[in-house]
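Take a look at the structure below.
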Amino acid sequence: RFPEDLEDENTTFNPEYSHQVFGDDEVAFGYKGLKIFLYYIAGNLSTLFRIEYTSKVNEKFDCVEADNVESKIREIIPPGFCTNTDDFVSLLEKEVNFKPFGMLLHTYSVHNEEAGEDITYQIYKADMTCPGFREYHERLQTFLMWFIETASFIDVDDERWNYFLVFEKYNKDGATLFATVGYMTVYNYYVYPDKTRPRVSQMLILPPFQGEGHGAQLLETVHRFYMSSPTVLDITAEDPSENYVKLRDFVLVKLCQDLLCFSPGKLMQGFSQEMVMEAQQKLKINKQHTRRVYEILRLRATDMGDAEQSRSYRLDVKRRLMGPYKKKQRELAKMRRCLRPEELTNQLNQIDLNMQHEQLEESFQQLVSDYRRVLERLAQA
């Protein structure tokens with residue numbers, strides 16, 4: 001944001017992963033004192049890239065060749081980046097002209113203890129028809145390689161992609177500027193005969209902004225955007241991480257808690273088709289996610305100190321968790337009919353019932369622990 005940020009360690013954040021660039025060992029071979037500098041201007045993400053090192057192996061004398069670090073980085077950052085610090089700093093003056101892309105969906109504020117004030121954030125929906133967005137997105141997606149374990153760049157020429165962007169509004173010398181906070185990509189799958197199923201593909205909040213609630217704001221805004229569309233069936237996610245599942249639990253419970261079908265009285269009667277229908281029709285939530293919402297809200301309505309209520313809740317959740325084990329038992333019944341005795345004994349040895357009960361109890365306790373964290377966060381929201 002400011003020239004002095006270049007020398008400020010507090011504005012620097014390091015990659016979480018580098019294996020997608022430097023291999024599984026995350027090693028750049030052949031250098032002493034290697035430093036890789038990647039700087040981005042806060043708004044439009046204009047990039048500075050340079051490397052420094054104290055020494056490098058020489059093929060002529062050491063008979064080995066150093067890794068070509070520069071070419072590895074160039075493979076993921078788009079051309080047009082700066083290699084000179086002065087050129088990069090001069091681009092800061094143009095930041096005042098940078099404005100978010102697309103349509104404004106939501107504005108919210110977060111209290112910043114350090115600054116002692118509320119900071120304003122905005123969420124926009126963009127697409128490739130927005131002037132300059134294609135080039136901006138090329139720069140933005142480079143962060144995926146450092147912060148998502150199995151990231152890949154998407155085909156931006158496919159018009160079924162939607163892009164949702166989070167920006168911070170801040171003041172500099174009396175002008176209002178915007179800083180990139182994070183984003184989400186969503187792919188709209190076709191569902192026969194006339195529906196679509198939006199699927200969250202990538203979601204990233206940049207490290208300086210993590211832990212401030214921006215992920216929840218973004219996911220809720222995306223849900224609300226699709227909720228208003230009669231052609232959307234439900235919203236899913238592609239290979240969701242554990243953190244994403246926890247975030248989704250919080251957002252969906254927040255959206256569902258005021259629906260009549262999730263009133264305490266109805267929750268205590270068990271999971272119902274009414275819950276499935278209402279959650280899908282009003283909030284575009286599928287059956288599997290609705291079931292988790294039900295279990296979280298029923299936990300809130302249950303007095304776990306009451307032996308009968310606690311037992312009823314435990315049995316209800318465990319019946320669902322039993323699904324994979326029952327599938328194994330059905331497979332075993334088939335085996336009894338078609339396997340020779342010695343083959344059957346071998347299979348039975350792999351399915352220890354005591355172990356199943358232990359795993360089931362462990363899964364239940366972990367689930368309740370996760371659910372309690374969602375309810376704690378909900379109480380503070």
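Note: Cβ is positioned from N, Cα and C throughout, glycine not excepted.
TrEMBL labels come from automatic prediction, so no person has curated them.
Database features (TrEMBL):
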DOMAIN    4-149  domain 'Histone acetyl transferase HAT1 N-terminal'
SITE      Trp161  site 'Interaction with histone H4 N-terminus'
ACT_SITE  Glu238  active site, proton donor/acceptor
DOMAIN    248-299  domain 'Histone acetyltransferase type B catalytic subunit C-terminal'
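The two recorded residues Trp161 (site 'Interaction with histone H4 N-terminus') and Glu238 (active site, proton donor/acceptor) have their Cα atoms spaced 14 Å from each other.
Summarised as a single figure, the pLDDT of the domain 'Histone acetyltransferase type B catalytic subunit C-terminal' (248-299) averages 97. Proximity of Glu238 (active site, proton donor/acceptor) to non-local residues of its own chain (separation of 6 or more, Cβ distance below 8 Å) is seen for Tyr187, Arg199, Val200, Ser201, given in sequence order.
Every protein chain considered, the tally of other Cβ atoms within 10 Å of the Cβ of Trp161 (site 'Interaction with histone H4 N-terminus') stands at 17. Mapped onto DSSP classes, the domain 'Histone acetyltransferase type B catalytic subunit C-terminal' (248-299) shows 40 helix, 0 strand, 12 coil. When the domain 'Histone acetyl transferase HAT1 N-terminal' (4-149) is classified with DSSP, helix, strand and coil residues number 49 helix, 37 strand, 60 coil.
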